[in-house]
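Over in TrEMBL, the protein carries these features:
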- 5-247: domain 'Nucleoside phosphorylase' (DOMAIN)
- Ser12, Arg52, His53, Thr192: phosphate binding site (BINDING)
- Ser173: site 'Important for substrate specificity' (SITE)
- Met191, Asp215, Leu216, Asp217: substrate binding site (BINDING)
- His228: site 'Important for substrate specificity' (SITE)
Amino acid sequence: MHRAEIGVIGGSGFYSFLDNVTEVQVDTPYGAPSDSLFLGDIAGRKVAFLPRHGRDHHLPPHRINYRANLWALRSVGVRQVLGPCAVGGLRAEYGPGTLLVPDQLVDRTKSRTQTFFDGVPRPDGAVPDVVHMTFADPYCPAGRRVAVKAARSRDWEPVDGGTLVVIEGPRFSTRAESLWHAAQGWSVVGMTGHPEAVLARELELCYTSLTLVTDLDAGAEAGEGVSHEEVLRVFASNVDRLRTVLFDTVAELPVNGERHCPCAGALGGAKTGIELP
Ligand SMILES: [Zn+2]
């Protein structure tokens with residue numbers, strides 16, 4: 001069987017050059033994930049890559065099936081997930097090329113299913129119970145430590161901690177929204193970091209976000225505001241070193257049987273009505 005221990009939710013730029021990549025289609029009780037899983041080896045670790053927006057980038061952030069994505073990863077054995085994503089900087093000092101490993105998030109999304117435990121019967125007949133998950137610290141402390149250390153050892157000093165605010169998109173923020181986000185003391189703004197983080201936690205997966213600043217958000221710069229072309233250009237020019245840091249992080253993550261972070265027991269044995277894969 002095709003198995004993996006670590007998942008990376010990110011585009012083809014992270015796995016396309018690996019040798020011996022195996023494409024695996026996985027179905028879930030929540031429908032199809034964004035694409036096939038692409039399984040490969042990094043430093044002796046089995047990794048499953050999932051292109052968040054689909055391999056041809058056809059899914060906007062609000063139409064990504066986040067539940068199917070996390071469920072598919074868990075079903076092949078993944079217990080630790082790395083979620084690299086492009087973000088806008090909310091402070092002038094967080095310019096393009098900044099790597100920020102957030103320790104907090106603010107959810108400003110509007111239309112996304114945020115839980116597996118919604119009391120709604122699944123197509124397979126299972127009825128999930130209502131579960132209220134502790135989420136005060138949304139990211140895995142162990143994964144964050146490893147990612148920060150990996151970046152430092154490649155001479156890419158990351159911002160260690162900060163708040164990622166996740167907006168609905170697909171449009172970028174207005175100038176007023178951006179100024180408001182910055183005035184709250186939040187650090188970076190993106191469109192995909194949530195509900196990815198909470199759904200991972202509900203499945204007792206470790207989740208670590210690595211955010212790459214591709215632009216200054218509308219309120220933090222004086223020009224025209226964010227353009228998609230600029231985001232793509234800056235992301236492409238940083239993808240090699242982001243991939244290097246991701247792979248170093250993969251190599252140093254604990255093995256799945258030896259996780260000593262709260263994520264591994266996040267459900268605390270609560271009755272959920274559904275069996276995790
Ligand atoms: Zn963890």
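Placement of Cβ uses the backbone N, Cα and C atoms for every residue, glycine included.
Set side by side, the recorded positions Arg52, His53, His228 differ in how many other CB atoms lie within 10 angstroms of their CB, and the most is found at Arg52. Annotation for Leu216 (substrate binding site): same-chain Cβ neighbours under 8 Å, separated by at least 6 residues, are Gly88, Gly89, Ala92, Tyr94, Gly95, Pro96. If you draw a 10 Å sphere around the CB of Thr192 (phosphate binding site), it holds 25 other CB atoms from the protein chains shown. Spacing of Arg52 (phosphate binding site) relative to Ser173 (site 'Important for substrate specificity') is 21 Å (Cα to Cα, whole number).
Most buried of the recorded positions Ser12, Ser173, judged by other Cβ atoms within 10 Å, is Ser173.
Of the candidate recorded positions, Ser173, Met191, Asp215, His228, the one lying closest to His53 (phosphate binding site) when CA atoms are compared is Met191.
Max Cα-Cα distance over the annotated phosphate binders (Ser12, Arg52, His53, Thr192) is 16 Å. Those residues of the chain, other than Ser12, Arg52, His53, Thr192, with a C-beta within 8 angstroms of the mean position of the phosphate site C-beta atoms are Ile9, Gly10, Gly11, Ser34, Pro51, Gly54, His57, Leu59, Ile64.
Packing around Met191 (substrate binding site) is summarised by its Cβ count: 22 other Cβ atoms lie within 10 angstroms of its Cβ, all protein chains included.
A simple way to gauge crowding: the CB of Asp217 (substrate binding site) has 27 other CB atoms within 10 angstroms, across all the protein chains here. You'll find the Cα of Asp217 (substrate binding site) roughly 8 Å from the Cα of Ser173 (site 'Important for substrate specificity').
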